[in-house]
Amino acid sequence: MSKKRLHEIAKEIGKSSKEVVEYAKYLGLDVKSHASSVEEADAKKIISSFSKASKPDVTASQTVKPKEVAQPSVTVVKETGSEHVEKTQVSKPKSRNFKAEREARAKEQAARKQANGSSHRSQERRGGYRQPNNHQTNEQGNKRITHRSQGDTNDKRIERKASNVSPRHDNHQLVGDRNRSFAKENHKNGRFTNQKKQGRQEPQSKSPKIDFKARAAALKAEQNAEYSRQSETRFRAQQEAKRLAELARQEAKEAALKAQAEEMSHREAALKSIEEAETKLKSSNISAKSTADNRRKKQARPEKNRELTHHSQEGQKKNKKSWNSQNQVRNQKNSNWNKNKKTKKGKNVKNTNTAPKPVTERKFHELPKEFEYTEGMTVAEIAKRIKREPAEIVKKLFMMGVMATQNQSLDGDTIELLMVDYGIEAKAKVEVDNADIERFFEDENYLNPENIVERAPVVTIMGHVDHGKTTLLDTLRNSRVATGEAGGITQHIGAYQIEEAGKKITFLDTPGHAAFTSMRARGASVTDITILIVAADDGVMPQTIEAINHSKAAGVPIIVAINKIDKPGANPERVIAELAEYGIISTAWGGECEFVEISAKFNKNIDELLETVLLVAEVEELKADPTVRAIGTVIEARLDKGKGAIATLLVQQGTLHVQDPIVVGNTFGRVRAMVNDLGRRVKSAEPSTPVSITGLNETPMAGDHFAVYADEKAARAAGEERSKRALLKQRQNTQRVSLDNLFDTLKAGEIKTVNVIIKADVQGSVEALAASLVKIEVEGVRVNVVHSAVGAINESDVTLAEASNAVIIGFNVRPTPQARQQADTDDVEIRLHSIIYKVIEEVEEAMKGKLDPVYQEKILGEAIIRETFKVSKVGTIGGFMVINGKVTRDSSVRVIRDSVVIFDGKLASLKHYKDDVKEVGNAQEGGLMIENFNDLKVDDTIEAYIMEEIVRK
């Protein structure tokens, strides 16, 4: 909205700038001078107000200005008797206060009406200031006029008044004429004959009538005046409060300055006393020193004068300084040598016994009581710390029999002996290793006792193969996890969280196969409670005993869940008796272990099992501090083609947030994203919460600890340092040939080796597979793991296999198209598996030479899922298009997502449009269903293959 300046408004309406400024202030606008600007709406408001106020000027032919023309002019003439004063009052009025004018006019009208009565009412109405509703008042007054002749009387009265006023000034004659013409016009228009037209006639009363409007105007004027007084009182009270507050602030400031000045004066007095003491001490030393210096200068002066003078041929002696002497020494003994010094003419340079300037001495500093040192500190660093000269410390070391310079490093024993000589208690500084994240788990001061809260228990489910661990967890989570596991066994740790009775419980599902011993050990190390699953029909098995040993080693309580009690051959009592032999005694028998008989398949006694878990957790008093930086353990790690390194973490203390700088094992990074066990993104993870994170530089090892650092710089430094240490440790563990192991090395050359390269989907599977293959014992043959890593089989793996004559074993991963092509070219064998004991059996049979029939996998074709359709009571149908080869009805299929095999099974149905077909060829579309798998997604790759038996050469 545009703005206008006040002087422009004044020029537009023909008023002075001062009047416009005062009226703008009266309206409540924030203006200061004629140069101030106001909004367009406020400018229109000011112009309209002035136009209303100046309306009598426009109709000058009809009315007379009440205050500026008629009344003030008469008053001025009576008081001064001067025509010049009257003109001045009319032509140049003072600044107007509209509110005060309205109040004064209201009071004046009320007083005038009471004094003159009803006969002068019309004259006051015409002579007074026209209010906004004067027109309505005139109309109401016209109704009270009884006869048309009454208008004639009023007309004569107007003429008589005009004739009385006109001799005063020439302008007043013009006003009278206008009044008469206005009255005649009203008479002609019939404005005063309303009562006659209505046919009513009221008798004219001589007694004065009560003017209620005048009373109301007077009352309103009094109310306005009272409001003005109250506003002014409030304004003054506010100003007084502000003044008192400012005065209080000034007093507080002066008090603070006064206290500061007093403190400074005390300090100055103390410093002055110290300086006086030092001056007295120095004066005694200076006086003795100056006496000795003067005595030496008097003895040396005659020789110096002879050097500075020479004799001319006339025998006249002149003073001359030896400026050309390049060997002159400029020191204290020759301090009078000054090139710019001017001497008096004809006089020899003589020594003046002036007192030398006082030599500033080093201030005395007290020795510290304690000295914290580090190994390898230099003499200069020690001198700076204890505020002594390095030369003094070098001298002390020399007296102690140690030859050292100020830049030489000292060992801890020498530093302690030196501090003993000074009388200082020496302490070795304990340096905190920034790269050591294990200290967060061991340091009790890391947690804040006042912030300790109860946390959810971490429960690990252990047991033998196919005893129902994943089925139990599946029942708890109400999902079908077991159907997605190849071979019906769990391949790697899954971490899940459920809620029971308002409390959360975190479950870790560890594999039960013998190859996954290290994974079970890791699960036991981070758990709070162990649920030992034992099948009621099988009893105690080897992995059951191993799980018992892991739990006892970790010192965690054990809850025994006897599963499969719904089977006909179930015998829970036999299981209790067998477990008692290994120290697992039921509370019914006087032991400490809780036993619960369940059926995970039919959801029997599951609630009782969860109640037992919460009861044991309450007894254990599991606590955590969610306010500190997060620390915890890596449950699993894998390499994703699109996201990079993905690690499943279990937060044990603190709260993990997105964008936290983190060190995980020997790598570091920043948490870019966190996903919980339900696949939802979260911004934070509290204690006992499992999450998967991305953002790490490399894939960590399962079982590594992690810690959150204060900033990314510290995390980077710690991660790089840990990586260097791990590499150095690996190099140190490399065995070199010596005389002691020379015979063993030569003997090992006679043993044939089978070189393998292992690639798996997760780190835990890599470790388990490598450990299982190395443990295979066949006489004369051993397995050598050349390389093991997480991720898809790539070209570098094929190149390494060719160079080392190795076999590539892929576990739940697939080779890239380039790697497959290179393997065919270089004749490198790639074995792909999804069940770990199948790999072990195959390698073992190959080592023993018992592979009679050899089955070779033949790829029939590949297809891409373009659309999925979910049909109730049937499953998921995948609409696909063949991009290579063909897909047959009797072929096996693999579902590949991001180069990782997520399912391997048989086709349940194959259709081309609505017809069942035996095969779908290249570039054709069709629909398929896979047995026991409904998690098809768009862009999944379907690989069709068959197993062909080949004759071994």
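Quick reminder: no glycine exception, Cβ is built from N, Cα and C everywhere.
Per Swiss-Prot, GTP binding site is recorded for 463-470, 509-513, 563-566. Classification of D466 (GTP binding site) by DSSP places it in coil, neither helical nor stranded.
The annotation compositional bias 'Basic and acidic residues' is assigned in Swiss-Prot to 80-89 (among others).
The annotation compositional bias 'Basic and acidic residues' is assigned in Swiss-Prot to 98-111 (among others).
Look at Swiss-Prot and you will find 131-140 (among others) tagged as compositional bias 'Polar residues'.
The compositional bias 'Basic and acidic residues' annotation in Swiss-Prot covers 149-188 (among others).
Among the features that Swiss-Prot reports, compositional bias 'Polar residues' is placed at 191-207 (among others).
The compositional bias 'Basic and acidic residues' annotation in Swiss-Prot covers 229-242 (among others).
What Swiss-Prot records for 282-291 (among others) is compositional bias 'Polar residues'.
Residues annotated as compositional bias 'Basic and acidic residues' in Swiss-Prot: 300-317 (among others).
According to Swiss-Prot, the feature compositional bias 'Low complexity' maps to 322-338.
Residues or ranges marked as compositional bias 'Basic residues' by Swiss-Prot: 339-348.
The annotation domain 'tr-type G' is assigned in Swiss-Prot to 454-623.
According to Swiss-Prot, the feature region 'Disordered' maps to 51-242 (among others).
According to Swiss-Prot, the feature region 'Disordered' maps to 279-363 (among others).
Marked as region 'G1' by Swiss-Prot: 463-470.
Summarising the annotation, Swiss-Prot assigns region 'G2' to 488-492 and lists similarity to another entry as the type of evidence.
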Summary of DSSP states over the compositional bias 'Basic and acidic residues' (229-242), given as helix, strand and coil counts: 14 helix, 0 strand, 0 coil
I565 (GTP binding site) CB neighbourhood, other CB atoms within 10 A: 19
Local confidence of the region 'G3' (509-512) - pLDDT mean: 59
Among G463, D466, K469, the one of these binding-site residues whose Cβ has the fewest neighbouring Cβ atoms within 10 Å: D466
